[in-house]
Each structure stands twice: as structure tokens, then as C-alpha cells.
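Per Swiss-Prot, the features are as follows:
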type	residues	note
BINDING	LEU121, GLY125, HIS126, LEU127, SER355, PRO356, PHE357	(6S)-5,6,7,8-tetrahydrofolate binding site
MOD_RES	LYS229	N6-(pyridoxal phosphate)lysine
SITE	HIS228	site 'Plays an important role in substrate specificity'
Amino acid sequence: MLKKAMNIADYDPELFKAIEDETCRQEEHIELIASENYTSPRVMEAQGSQLTNKYAEGYPGKRYYGGCEYVDVVETLAIERAKELFGATYANVQPHSGSQANSAVFMALLQPGDTVLGMNLAHGGHLTHGSPVNFSGKLYNIIPYGIDEAGKIDYDEMERLAIEHKPKMIIGGFSAFSGIVDWARMREIADKIGAYLFVDMAHVAGLIAAGVYPTPVPHAHVVTSTTHKTLAGPRGGIIISAADDEVLYKKLNSAVFPGGQGGPLMHVIAGKAVAFKEALEPEFKVYQQQVVKNAKAMVEVFLARGYKIVSGGTENHLMLVDLIGRDLTGKEADAALGSANITVNKNSVPNDPRSPFVTSGIRIGSPAITRRGFKEAEAKELTGWICDILDDATNTVVTDRVKGQVLALCARFPVYG
């Protein structure tokens, strides 16, 4: 017999301890992984609701199960809010992840073996943009493009590759690129060869929603995103479009269900609906503006301390610190900073001589610290501490000192006050 009083703490203390330990870790560590963020208690409330009990294969008004009248309301709210947020005429909120959203686009628009032009993972792309270890690289003929010596996307080279290889689809978007993408130029290239332009905006979706980063939606045939990262919602994916092409929309829907998924996660879709409503509020724009201000402030300190930033700066929420030529690997930097309660991730940089398991760089992002309330002053102070550790990564005196400073700063800015 189920009772509302049932709880994890009494029933499963081992699991409860792990959950509590993770809560403590998040409160006492500074999160700088560019793809991570803190979602709101309202989103978590939706995800913990009884919507988790409901199967709802199909789409609103066209389900394969009965009893879907209320989950139809939930999904419709999420769809309409996503369309409003991004200026789209189509939205599918069912993908369980960004990768599954991307997979659906490949399935809807391509045949196995088709040629695709995508950003090289080593230059800032994503696994699902054509990495040999991913489905995208295994099933399709991938032609990679990258960035030039200045860290910018070379659109002339992209156009040359497109004309030479005639891909059926060009992918825009990134996981470790700190510049502005010229979506209109990419659409021109795609149109020149009759290709689809598909944009994965996962990393900058929140910035785009707030109008602080150029939107790809008017230019791309189809756009995907995760709903966490800068959007600060639940972990999941979405597909949107403003192509006004009902045939395309039908293909995309079919590629999600039944093509790649069965029942949607209605509790997560409810969380997405909440997050989209939050992203439509005026304070969300203020937050995203601060995300970029904090990232720029951090870059300023890194450059002043003699560290190289790929692309020379940032126009979004992230930066890639290039450690080539230093007696420190990305893996070592990641571990040293972790010892001081600063969480980053090792990351390959262009022309990296080291393996992806070691790397010569670290990726840093400002969404989570901004969510805690950090402004430029705290971002600069924190970056100074990071540089102190990177300057002398094996010095435990420095690490211990920085850890104490981090704990004090975290206490001033709790995740959930």
C-alpha cells in the first residue's frame, strides 16, 4: 500500500546518503563545467510529480493509450511555450536528450551513407556532429570543418568543402566554441548546394532565448537543443523549426516517435514547460546578460595572467583555456582544481598533441556560478584563484588556501538560498 509519508531516508539510507552527499558537493563546490547548471525547485517539483506514472505514446490528441487528457495539457503547454520562446512554428518536446533529438533529425532528413558537413570535435564540435565513435560518424559520411589559426570559423573553407563534397546536410553548433556563429552565412552555403542546415544550439539556447546571442531559428531548416545547460531546465531535448514546412514537421515527429523513442517522459516534459515559462520572464534575460558578463570578466583575468584562450576571448558563456606549451595537461589541471572544490572539465584544443583522455586544455563556463548570484567581481576573484593553482598545480599549500576561499564564497552564495 502506497502512502505519501514514504521516504528514501527511512527506507534506503545508503541511497539517501549518496543523494545528500551530492547536495553537499553542489553547495560546497564551484561548478564551472560549461554544460551544467542548477534548475529551479519548480522544475524539480514537476519532475517529482505523479506524471511519472503515465504512459502517453503518441502526441497530444493522438495517443495510443487512454487517460491522457491531462498530460495532453502538459505537453501542449510545453510545445506552445517553446515556440513562443524561440519564435518557432513547430516544436517537439519529447526527446529524452539532446543526442536523441539530433538522432531524430538525422533519421528524418538523411539516409545512411549520406554526406554531412559537421564541426570537428577537436575544434569545438560535438560527438553527434560526426565523431567516429558516435552513431553520426558510424552511419554517415562525415566531412569535418574547423576553426582557423585565429580561432574563428572559416566560412570560405566551409563553402569550399560544401561545393567539393556536396553534403545533404550541414550542421551548425558546438560544445566548445566561444565565438559568434554567422547562421545566415551558413544558410547561404547550404542553399548554394541544396543542403539542409541543421543547428544544434544546446550550449547557447538560454542566451538565444534571452536575445543575447544570435538566433539560428530563422535561418536553419531545423534546430535542436538540450533543455538544461544555459536554459536551466530539466535534462532533456527539444526540436524546433520555423520552416513552415508541414511535411518536414511530420517527418521530425515520426523520427522521434515511433522512430527513436516509445513513451515520452511526461514528468520531464512538465519540467520543460516550467523552465520555458521561467525563460520567458524578464529576469531570465538579466541572468543571461550576466552569464556573458561573467565569462568576459574571467577571460580578462586569464589573459592578464598570461593564459591563452582559444579564439582570443568569448562572446558567450564559455571559454577554452589552451595549456599547450605548459608543463600541465588538461587532466592534471582538472584534478588540481577539483582538489580545491573547483569543478571544470579537461578538453581538447585545436591541434592538441595529447589524447582526448589527457588533453591540453580545460573548458570553463559561467552559467552555474551566475545562477548562484556571482557578478563580475566574484568571477574575477575566482579566476585569480584558478590561475594560482594552474601556476603551481602540485603546491598543496596553494590548493588548501584556495579551497578555504572557495568554501567561504560558496557559503555567501548558496545554490538554493
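Glycine is treated like the rest: Cβ placed from N, Cα and C.
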What is the maximum Cα to Cα distance, in Å and rounded to a whole number, among the residues LEU121, GLY125, HIS126, LEU127, SER355, PRO356, PHE357 annotated as binding (6S)-5,6,7,8-tetrahydrofolate?
17
Could you state the CA-to-CA distance between SER355 ((6S)-5,6,7,8-tetrahydrofolate binding site) and HIS228 (site 'Plays an important role in substrate specificity') to the nearest Å?
28
At a 10 A cut-off on CB-CB distances, which of the binding-site residues GLY125, PRO356 has the highest count?
GLY125
LYS229 (N6-(pyridoxal phosphate)lysine): which of the binding-site residues LEU121, GLY125, HIS126, LEU127, PRO356, PHE357 have a C-alpha within 10 angstroms of it?
none
Would you mind pulling the DSSP three-state label for LEU121 ((6S)-5,6,7,8-tetrahydrofolate binding site)?
helix
Taking only the Cα atoms, work out how far LEU127 ((6S)-5,6,7,8-tetrahydrofolate binding site) lies from HIS228 (site 'Plays an important role in substrate specificity'), in Å, as a whole number.
18
Among the binding-site residues LEU121, LEU127, which residue has the fewest other Cβ atoms within 10 Å of its own Cβ?
LEU127
For HIS228 (site 'Plays an important role in substrate specificity'), the three-state class that DSSP assigns:
coil
Determine, to the nearest whole angstrom, how far the Cα atom of PHE357 ((6S)-5,6,7,8-tetrahydrofolate binding site) is from the Cα atom of HIS228 (site 'Plays an important role in substrate specificity').
25
Give me the count of other Cβ atoms within 10 A of the Cβ belonging to SER355 ((6S)-5,6,7,8-tetrahydrofolate binding site).
11
